[in-house]
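Per TrEMBL, the features are as follows:
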DOMAIN    7-276  domain 'Cdc23'
REPEAT    337-370  repeat 'TPR'
REPEAT    371-404  repeat 'TPR'
REPEAT    405-438  repeat 'TPR'
Amino acid sequence: MSSKESCRIELRTAIRQLSDRCLYSASKWAAEQLVGIEQDPAKFTPSNTRFQRGSSSIRRRFRTNEITSTPPTGVAYVSTPVMEEDEAIHGDFYLLAKSYFDCREYRRAAHVLRDQTGKKSVFLRCYALYLAGEKRKEEEMIELEGPLGKSDAVNRELVSLERELATLCKNNTIDPFGLYLYGLVLKEKGNENLARKVLVESVNSYPWNWSAWSELQSLCTTVDILNGLNLSNHWMKEFFLASIYQELRMHNESLSKYENLQGMFTFSNYIQAQIAKARYSLREFEQVEVIFEDLLRNDPYRVEDMDTYSNVLYTKECFSALSYLAHRVIMTDKYRPESCCIIGNYYSLKGQHEKSVVYFRRALKLNKNYLSAWTLMGHEYVEMKNTPAAVDAYRRAVDINPRDYRAWYGLGQAYEMMGMPHYALHYFRKSVFFQPIDSRLWIAMAQCYESEQLHMLEEAIKCYKRAANCNDTEAIALHRLAMLHRELGQPEEAAFYYKKDLERMEAEEREGPNIVEALMFLATHYKTQKKFEEAEVYCTRLLDYTGPERETAKSLLRGMRIAQSGFPSMDVEHFHP
């Protein structure tokens, strides 16, 4: 049996099992990977489409023997037994409970299963209680503090669920789905170490539950924690590593993993979107735009991850493309957090910051933990000079994800605006720690060091050097390095950076006062060093300008002629026809 066919069988089985337990998000993820596997050419016919479902029926009873499969190239693999269903007949009670669950009547679903003892029924009952508690917690938050306010509301079902699931775990009468729920409850209760251990046991026993992997990822905040996990080798582990590398800002490693996985899951929209997000973090905007355009051609009603695409269009100031994207998501699903963020970006690009904030707030009403909305709303408040509101938004963002460099950067900007550079410096340092390849962050920190209150120019120089090595697209770092060395009385270093800045401006065909400044300094510097030939080159270029620099260049040329010949020189016009 081919590795692709083995993956198909595993995923088809997993989709049914996950759906049967109402784990619809994990089931959807598995289904997207299933259709992402390249069709076998021998079975391919013109009537097949890229998204055709497999024709094999899924058996109601599952095999207990192991499925041996071959992994994608470079993926280590230990086969995992397909889980046997523990109940031959769950009966009408389970079907009724599942119907109530699907209608979001969670307590009714749990009540129906109160006397059922099978593992599948116990999981659904406990999961229904967990979601009932979450639903009530959300209601209390809105009642007490409003949709965006902070609240002490908690899920009141967690204590009883932890007690019951711990007993089941101790008695070894819990299945991988129950372990997933137990890990989720432990995480909510703040017992992260035990939660990690339980979730690792869950994914090792049943690796196809992407929701369990996602919860495990949220508990791995450092590389050391990740390396300490005892995970079995299965191709699902590769998806997990690719995803967590991205979260840990190991973008190149993440990109490599996803590109390897594409060898098996050639048409996976999920993998394509993750590659785009990794390249976005690496600031490869041109490639990101191409990937998202291809994604939308293949999946025109996709909303997931499109907020990242809108960020790219915003950065590139593509008004028409961003307007078109906003219109598409409105027609597809207007009240999705991603849709609201896209519309917010559109209004921000138009300079309508108040209207932009309305949509970011709407996104947060739909999902108060939607990180991008908090960060982007903070940016809008900065533009509106509402610094206290900006600080609050950024703080909410770092509460959700302490590794969000954009929020730390925003806090630095806000405190800098308030004239508090020591605080600003602290937050800029946090931002560059999490995103050391972004030149803008180093430049912001350098400018903070340059402020009147700090005036730490040597530290500023170190930051500008880091920015220059991080592909400074705004061409700020080299010019500031030249000016700072000039200010510190270091003419050789200043000349070095002026020359590099001049070369860059010429390569990019830029014009402006920075070119004149560089030419003036270099001409004067080399004249002082008695390197008259080099000085003459820069003076001659200054004669192309019509301002006072032209007269300065003539004076310098005249002085060099005198120094070289010892006699009064002729008019320097002959140097420049």
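Each position is counted from 1, following the chain as shown.
Note that Cβ sites are derived from N, Cα and C of the backbone, with glycine treated the same way.
Remember, TrEMBL labels are computer predictions, not curated facts.
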Confidence over the repeat 'TPR' (405-438), expressed as mean pLDDT on the 0 to 100 scale, is 93
Summed over the repeat 'TPR' (405-438), the DSSP helix, strand and coil counts are 27 helix, 0 strand, 7 coil
Secondary structure tally of the repeat 'TPR' (371-404) (DSSP, helix then strand then coil): 27 helix, 0 strand, 7 coil
What does the DSSP secondary structure composition of the repeat 'TPR' (337-370) look like, as residue counts for helix, strand and coil? 27 helix, 0 strand, 7 coil
